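One structure below.
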Amino acid sequence: MANDFSSNVPIYIQIMNEVKLKIVSGVWEAGQRLQSVRELAVEFSVNPNTMQKALSELEREGLLYTERTSGRYVSQDEEKIKKARDEMAEEYTGNYYNLMKKLGYKKEEIIYVVSNRLADIEKGGLKNE
Amino acid sequence: MSNVVEINALHKCYGARKVLENVSLSLESGTIVGLLGPNGCGKTSMIKIIAGIIQDYEGQVLIDGRVPDEYTKSIVSYLPEKTYLGDNLRAKDALNFFEDFYSDFDKEKAKSMLSQFKLDPNQKIKSMSKGMQEKVQLILVMSRKAKVYLLDEPLGGLDPASRKAMLDIILNNYSEDAVVLLSTHLINDVERIFDRVIMVGEKRILVDDTVDNIREKNGKSVQELFEEVFKC
Amino acid sequence: MLGKLFKYEVKDTSRIIPFFYAITAILAGLSLLAGKLELGWFKVTSSALLLLVGIAVFIVTLVVICMRFYKNLYSNEGYLSFSLPLKPHLHLVSKAIVSFIWMILSVLICLGAFFVALYGLGVDGKVWSSVMDEIERYGMGNYLYAIIPMVCLSILYLMSQIYFSITLANRPRFHNIGAAGASILLFLATNVALKIVETILTIIIPFSLSVSLTGGFDISLTAQNMVGYLMNNINNQNPSNMVIGLGGYTFDIIMVCVLFYTTGRMMNKKVSLR
């Protein structure tokens, strides 16, 4: 719940990422109606004002939209969602690369490590989930 | 979003010992504010003064524009650190007591919260575990439709699951017409629910800022800033 | 609000005190039964027990009143009591009234136990009427009724000192000593100090009852003080009038009001819960 590695990142941005994850991974489906800000605040265990700020930002980015009378919805724009997913994947990869670099791995070695690991995971079941 | 609590130049001494010196702050409704600081530094005194329990202080304290008195007690819901319910009371007696004295008490809401947390209304308070007692008291306090909620260490001594349950109660009862002032030591668990934190130490306010500002300006989480501010 | 306080005050003190009333009633019944059945040993035993229980009722009531006052206001329960949306001195009012009623009831029960116990030992109506006749002979019949306000005053005086001491003991400067210790010390100090002042005033204030010791018992108010009377006694001259100072009683009445008022003010302004 509160295990942030990034102590200098404002919480609303972290919430944005948590919500983005739900959207890009499909847990929240495209076009799905969101619960109220208060209910979401409880679900994410966060201050309702912070939740509101995060949702507003995501609206600005186009991943959510508000229909004045009926509430907030996940965007129906599959392109946008895919783009967000790609951006997150790039970020994860960048983080991973930085970590591996700290271990002293070079680019070719990293690719090798990743392929091997993926093969193991597929073979031996979801050991690393 | 008005300032429902205003404190100006507050001084509080216990005999020769001064615990608060020239403290000023204001609390806006619709926010959840964390009150952090080491024990015995005036944190609890400040809460008690807002609650109207300590009348002996200098300076100006206004709650909804009024000096602490019987009216402000009717709009302030105070949860002290201690178990303050009579020994021989059953949970349902406590509900009736609150309904009797507080016109803003929602008994049905309290009842449903009791059953939600699997607390038996017929059970005597003294036979409950500490965690259960704290939940009952929090339920009583949050079932009032008050303008100020003062929660003094509501999470101490609870297991993580109960803590989450308490935070859920607090978040569920959030209202734009009320302010929640929550004092705690468990900063990491709770930082996310605060709009703002106020750090009190050395008789005065050392930090008074929003959580996001603290992170952006200092590059630290509230916990880390706290450790830095109060390093021994 | 005051009515609600009354309700809970009565509820919370009704656990123990009526229980002792019931015991007294049962023993009284047994004592009367023993009388009817003419069981010698049983009569004496039950009468003795009844006397003891009568006294116990009085003591228990006093203890319950003290404990209840302290616990409900200055222990952890105080956090709830002083958070209630009412002026704090109302707590004093509700507790004082309810406690006073319990004390009066207990005094009556105690007296009742006393009379039934004596009855069991053979002191019956005939004895009491001859006592009354003696009293009437000395012209003191009407003055018996003065006992009632005197008892009420004593009870109120005692209660006011107890409440005052407990409330004062809760001020921050006394927190180190501990509640029980501080309360008892302050009570003793207050009691002794008041008694001293009362005695001095009884002697020197020129407002007394003069009781003639010759002939019939004439009693009248006089503007003498007791000094003359006492000096006569010390010099072994037999005075013809006994002078009983009333300044002390007046002081007591005033002090009851002062103590309650001061206690109320302390509750409103100076409470400091641990």
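Heads up, the Cβ atoms here are built off N, Cα and C, so glycines get one too.
A Cβ distance under 8 Å defines the sequence-distant neighbours of the transmembrane segment (C:16-35), meaning residues of its chain 6+ beyond its ends; these are 42-43, 46-47, 49-50, 53-54, 56-57, 60-61, 64, 102, 105-106, 109, 112-113, 116-117, 119-120. The transmembrane segment feature in TrEMBL is assigned to C:16-35 (among others).
If you look up TrEMBL, you'll see C:47-70 (among others) marked as transmembrane segment. Distant neighbours of the transmembrane segment (C:47-70): 9, 12-13, 16-17, 20-21, 23-24, 27-28, 31, 95, 99, 102-103, 106-107, 109-114, 116-118, 120-121, 158-159, 162-163, 166, 179, 183; these residues of the same chain sit at least 6 beyond its ends, with a Cβ under 8 Å from one of its Cβ atoms.
Per TrEMBL, transmembrane segment is recorded for C:96-122 (among others).
The transmembrane segment annotation in TrEMBL covers C:143-164 (among others).
Per TrEMBL, transmembrane segment is recorded for C:176-194 (among others).
Here TrEMBL flags C:201-223 (among others) as transmembrane segment.
Here the transmembrane segment (C:243-264) has Cβ contacts under 8 Å with residues 88-89, 92-93, 96, 153, 156-157, 160-161, 163-164, 167-168, 194, 197-199, 201-205, 207-211, 221-222, 224-226, 228-229 of the same chain, all six or more residues outside its ends. Taken from TrEMBL, the feature transmembrane segment covers C:243-264 (among others).
Below 8 angstroms of C-beta separation, residues 70, 74-75, 161-162, 164-166, 168-170, 255 of the same chain, each at least six residues beyond the ends of the transmembrane segment (C:176-194), sit close to that stretch.
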